[in-house]
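**Q** According to Swiss-Prot, the protein carries these features:
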- 197, 198, 199, 200, 201, 202, 203, 204: ATP binding site (BINDING)
- 228-248: region 'Essential and sufficient for enterobactin binding' (REGION)
- 398: site 'Required for activity' (SITE)
């Protein structure tokens with residue numbers, strides 16, 4: 001009799017369990033694999049955890065920096081999530097049955113079954129004056145060992161670029177201190193100028209010189225001329241970034257500079273995010289009526305990181321295996337550089353993106369994309385670099401589409417004819433090597449071209465003021481150096497600049513403040529050059 005009762009009780013228990021399993025199976029139809037078996041096991045054991053699937057989820061799989069998460073039903077696109085281990089991630093793929101999350105850090109500490117929580121916030125970073133002089137990672141966390149960042153508020157990394165009405169056309173010069181750039185491909189505040197070339201051709205050198213050159217304006221105390229700088233290092237070696245920070249510190253340029261670093265050893269999502277984080281920091285200055293310069297070094301590596309993420313998220317590949325929206329990746333970033341109108345404070349954000357080409361091929365996918373987005377490009381050539389022409393700027397292929405409107409009148413007056421003369425020189429030089437008997441005008445063109453090319457050479461980390469550039473270029477363009485041996489041009493420039501700085505400060509001040517060469521200044525400059533050449537010994 002007792003055994004009969006036990007059997008009846010067991011049968012009842014099995015029926016209850018079966019009913020529970022059927023309910024669970026219907027409720028969890030969206031889950032798969034180990035997740036389903038885990039939930040069923042918990043239900044059978046009567047230890048249901050009661051997780052809220054709207055606000056939390058569980059890791060189904062983890063690998064290659066991508067986590068597939070079950071749950072998180074209410075999550076937004078690009079929302080930050082937090083894993084059990086404290087590592088942050090960003091929701092990129094919102095699929096029917098799971099969420100694809102890119103992990104901002106080491107995915108080795110994340111396990112299957114870990115809880116993932118929504119933060120309710122889109123990815124944001126600290127912005128403000130407190131970041132000046134600091135080195136931060138792609139999420140704005142300090143990595144320079146100088147303690148937490150003070151005096152900063154938080155801002156989203158992805159914001160919409162300013163529309164047409166809030167903008168003004170580019171009108172103020174952004175002086176780089178590099179003669180070849182300021183005279184031939186001038187850049188204005190609010191412009192996007194691409195620096196493009198093969199590896200080891202001096203792309204970063206131009207960018208760093210530009211940052212160092214802003215010291216003269218920032219030290220002058222005029223808020224309208226101050227330019228704050230953001231240097232974004234993407235996919236570079238840590239040793240290279242440390243070297244750049246040391247160089248900027250030695251030059252006293254870190255006082256007005258922020259360095260955002262996502263090095264080669266950082267996760268691909270951080271390399272993808274770093275340019276947007278840097279841009280948000282630059283927009284703080286732009287939107288508060290100040291001026292900022294941002295350097296993306298380089299966007300080729302950001303595109304590679306984005307390709308890696310997209311392929312791992314199973315997004316369909318396109319040309320060169322890049323995803324279909326790789327153009328939008330860069331356009332939405334670079335469109336945020338702008339010159340704002342006066343009612344919005346008149347601030348500006350200037351962008352100098354860097355692109356690395358392979359064997360000088362500017363017709364590849366990413367280079368052509370960025371060329372079409374920017375307002376001009378500075379093209380650096382390996383061949384010129386090895387010939388000793390440094391900066392190795394190909395004047396024929398380099399162009400600034402809007403910068404001439406911002407160029408100072410003094411520079412326009414002296415450098416106006418130089419681009420044409422150099423273009424004619426290159427054309428004639430190609431034919432001159434085939435024949436020796438040249439007419440006088442062709443010989444004159446060759447002589448002038450050789451000397452102007454020598455004159456545009458410049459050492460690294462020695463940017464020049466615009467008034468000094470005007471003085472040197474004036475001597476070359478007006479023909480005063482035609483009789484000076486090309487090998488002595490560098491010596492002439494060095495001694496002539498020393499002469500101007502020591503005994504012609506009033507003349508330099510006039511050029512700097514008036515911004516143009518009046519007939520009186522022209523006569524004065526002529527006298528200075530002629531008198532100096534009379535005593536110059538090559």
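Placement of Cβ uses the backbone N, Cα and C atoms for every residue, glycine included.
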**Q** Reported as an integer number of Å, what is the Cα distance between residue 201 (ATP binding site) and residue 398 (site 'Required for activity')?
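**A** Counting only the Cα atoms, the answer is 15 Å.
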**Q** For the binding-site residues listed here (199, 203), tell me which residue's CB has the most neighbouring CB atoms inside 10 Å.
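**A** Highest number of other Cβ atoms within 10 Å: 203.
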**Q** Using a 10 Å cut-off, grab the number of neighbouring Cβ atoms around the Cβ of residue 201 (ATP binding site), all chains included.
**A** 26
**Q** In the three-state scheme derived from DSSP, which category covers residue 204 (ATP binding site)?
**A** helix
**Q** Could you tell me the C-alpha distance between residue 203 (ATP binding site) and residue 398 (site 'Required for activity') in angstrom, no decimals?
**A** 13
**Q** What does the DSSP secondary structure composition of the region 'Essential and sufficient for enterobactin binding' (228-248) look like, as residue counts for helix, strand and coil?
**A** 11 helix, 7 strand, 3 coil
**Q** Please average pLDDT over the region 'Essential and sufficient for enterobactin binding' (228-248) for the predicted structure.
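**A** Residues in the region 'Essential and sufficient for enterobactin binding' (228-248) carry a mean pLDDT of 97 in this prediction.
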**Q** Hey, does DSSP put residue 197 (ATP binding site) in a helix, a strand, or just coil?
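**A** In three-state terms, residue 197 (ATP binding site) counts as strand.
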**Q** At a 10 Å cut-off from the C-beta of residue 398 (site 'Required for activity'), count the other C-beta atoms across all protein chains.
**A** 22
**Q** Beyond the listed site residues 197, 198, 199, 200, 201, 202, 203, 204, identify every same-chain residue whose Cβ lies within 8 Å of the center of their Cβ atoms for the ATP site.
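**A** Other same-chain residues with Cβ inside the cutoff are 356, 380, 382, 385, 392.
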**Q** Between residue 200 (ATP binding site) and residue 398 (site 'Required for activity'), find the distance joining the two CA atoms and give it rounded to the nearest Å.
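**A** Their Cα atoms are separated by 18 Å.
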